[in-house]
Amino acid sequence: MAVVLHCSLLLWTRLAAMVFSCVAFSVAVHGGQLHHGTGDWCIFCWAFSFAGTLVVLLVELFGLQTRAPVSWKNFPITFACYAGLLCLSASIIFPLYFLKGNVSYSETRNLRIVSTVFSCLATVAYIVEVSISKARPGEVAGYMATAPGLLKVCETFVACIIFVFVSDPVLYDRHDALKYCMSVYCICFILSAAVIVLCVGECTGCLPFPFARFLSAYALLAVVLYLSATIIWPIFNFDPKHGGTKNRPYNCSGAMGLCTWDKLMAVAVLTGMNLVLYLADLIYSARLVFVSA
């Protein structure tokens, strides 16, 4: 089996991302004293990113792209985008739970700072990789290398963060309107994830309808659904007339991480963010001329 090594900016970027993510979780595991479940999530983000990048490098090193059970035009950039988002979330969550309010100088604190710094570096490296790999105007590439494909990765990731916030504690069972918002998040997430799986698995040709038309119709539906959720969620959580709390409770200031009110606000912001993402997706999908190799 021949070993193929092409030195390029993309290769060095992947190597840097792999090293940075490896250092982040190694240092955190070694002496970070992660006593909270959130630490396990951060470790997963860094370890998953490291392992996936290692697999991508090995496949390309040994020239196994044609033997891979996935589309190699779509998989590496899809993974890099998810890895970048995972490392970004860890870069925000880790200091929020393990550095906030900790002003005492100790070895544990210093190691946590090191993990945070390398997590940020890994995030930058993955963003650079996505920037290098994404399709240029007029270039023939996989769907996931285009702007709509990358937007769908971001849409599913934001939805996953929403699911995390609304599940502990359960924030959507107080009113039917909030359950409707939850159904919006689930429906749009499932459809976006299905599109990603179809593209990475090269199964879009098996659909009984034109894939491009489905993308445009789905993007329009998602914009309408998220627009309604963007309006309904804040009304039934922050308007006192509907049982909500307008002002942030005082006990949230001393809470570690995010209190319930903070999570409600975070879901409202993330809902608006996904609305913008789906709107951009709709615009791109309507304009994009998808050319398959």
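Placed from the backbone N, Cα and C atoms, the Cβ positions cover glycine too.
A quick note: this is a predicted structure, and the numbers were derived from the prediction, not measured.
Confidence for the domain 'MARVEL' (5-138), expressed as mean pLDDT, is 88. According to TrEMBL, the domain 'MARVEL' annotation covers 5-138 (among others).
As annotated by TrEMBL, domain 'MARVEL' applies to 143-290 (among others).
Sequence annotations record features per position, and here TrEMBL assigns signal peptide to 1-24.
Per TrEMBL, transmembrane segment is recorded for 41-63 (among others).
Positions annotated as transmembrane segment by TrEMBL: 75-99 (among others).
Among residues of the same chain six or more beyond the transmembrane segment (111-128), those with a C-beta under 8 A of the stretch's C-beta atoms are 13-14, 16-17, 20-21, 23-25, 27-28, 30-32, 42, 45-46, 49, 80-81, 83-84, 87-88, 90-91, 94-95, 98-99, 102. According to TrEMBL, the transmembrane segment annotation covers 111-128 (among others).
According to TrEMBL, the feature transmembrane segment maps to 140-165 (among others).
Sequence-distant contacts of the transmembrane segment (177-200), counting only residues of its own chain at least 6 positions beyond either end whose CB sits under 8 Å from a CB of the stretch, comprise 70-71, 74-75, 78, 142-144, 149, 152-153, 155-156, 159-160, 162-163, 166, 171, 207, 211, 215, 218, 222, 225-226, 228-229, 232-233, 235-237, 271, 274, 278. Here TrEMBL flags 177-200 (among others) as transmembrane segment.
For 212-236 (among others), the entry in TrEMBL reads transmembrane segment.
Taken from TrEMBL, the feature transmembrane segment covers 264-284 (among others).
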